[in-house]
Amino acid sequence: MEKEVKTNRDCTEKNLEREREREAKNGERFSNFGKLFLERWIEKQQEPSVITEVEDWKMVANDREMADIGNTPNAVPEIENSYQTNESQTEMNGAPVSPDDKQKADQLKEKANEFFKKEDYNQAITFYTQAIDLDPTVAAYYGNRSFAYLRTECFGYALADANKALEIDPKYIKAYYRRASSYMALGKFKLALKDFETVTKVHPSDKDAKAKYTECNKIVKRIAFEKAIAVDDQKSVLDSIDIETMAIDDDYDGPRLENGVVTLQFVKDLLKTFKEQKKLHRKYAYQILLNVREIFMKQPSLVDIVIPDGKKFTVCGDIHGQYYDLLNIFELNGIPSESNPYLFNGDFVDRGSFSVECILVLFSFKLLYPDHFYMARGNHESATMNQMYGFEGEVKSKFTAQMADLFTEVFNWLPLAHCINNKILVMHGGLFKDDNVTLDDIRKIDRHRQPPEEGVMCELLWSDPQPQCGRSQSKRGVGTQFGPDVTKRFLQKNKLDYIIRSHEVKNEGYEVSHDGKCITVFSAPNYCDTMGNKGAFITLIGGTNLQPKFISYEAVPHPSVKPMAYASSIFGLF
Ligand SMILES: [Mn+2]
């Protein structure tokens, strides 16, 4: 892999510069608040790097990833002290903890802190959990584990731990920060604001708390403002696009659509153009979006796919803007065609900074082979996720804000699930809170909307399997976790063999669970340039018993633009 030299700061600054240029040139809309955030965030980055107190270890804020920036306040000494006294008093939950166990728990916490510092958050979580098992009376153990969960994006667990910490010690101020971060990641800005407000009330002189409160307040106000002006949003974005008036400069030498029709030659040119980091003219990008919208509109929420006897079919998982790894899939498995059909199972965009390239190529294939190339909606094909995780910023940077709105409209028409040969159900997330859901229920979903916070549509996009039976609270805070028994009952009820889902990074790019009945496939290798995982895809042969074959592969080099280069600055608030 090519080593990254660019920092997030470079990328964001560049991004902002581009936005300014664009605005000056075209007078295009760009959210003032967004701009303000970027500016504030950059300002913050330019301050000399600060040693930040995180509980009782020290951590230097670095710019390796967004989430590392803008840590908790530079200590709140009084609270730390009062908390210390509190710790020795707390024996509130059940049997008193022996001094020996207290000491052991403290050592485990120290060990966990070491792993946290090394950014091995999973190990950190393991040892915080052991500390909690020995001594469940210490708010900081939950607070620290909450922070580690935030880093692993288990926002549901992070929220639960922050709540638990506050239950033990309502004066434990850092837990309010953890809870606010969890709320923000879950898009619940009003609740986050309340927590920031609490901190500023308790510590009116804490500048960091004040700044976070102010920034969060702006987000809440912006959302209210956008809601107020969005009278008939979807209609207006389509109405405001006039392709005919989009002029193409004489010096444009990229791919062209003839009469708005995507041809194989066009897609091949597009693949090459994007590989060389060149641009497609926005007129053609708009055309692709409008045309593909028409196709998806005609598809049902649950699409039936038939693989004929002896024919191959390929299922891919998350791509997440990793364009060069997407090209590698086509290298390994052949480019899509009528004799080489594919299903891409959601999360095409966000995180990776080549999301625009990925989605336009995938949509072009959809236009070229509407009956042999399939795409399902993932939880990242949604407006809030795109705002936070980079896609919206990338579209605004590479094209226009209006096009970002058009993407939102097109994503609303993506099918939610696919059923292969009446035997395999494929969805992005997983199964449901309710055992009685049938394929017909999925068919009947009125999907043209932003994903709701609960219900069948939400669960299709967000759920995860778990090894133990039954269901449990989602680590993400959205959807549910479902056990092998849930999968078994669902398959029996609907006369299916197994499910294929994506949504979770796996070391080999895939995982077989629930006695072979639940398969995860994830196609973004070395996810976010940090996870070190392989990617994988699945091939199936029709007519056989549809036994899945897994092909794993490593990441390929990409130009030095970091993942999350276009992501929201709210990560700076964590
Ligand atoms: Mn996902």
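Any Cβ shown, glycine's included, is placed from N, Cα and C.
Those TrEMBL annotations? Automatic predictions, nothing curated.
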Correct range for region 'Disordered' (source TrEMBL, candidates 1-26, 79-104): 1-26
DSSP-derived structure type at HIS380 (active site, proton donor/acceptor), helix or strand or else coil: coil
CB contacts for HIS380 (active site, proton donor/acceptor) [other CB atoms within 10 A, all chains]: 27
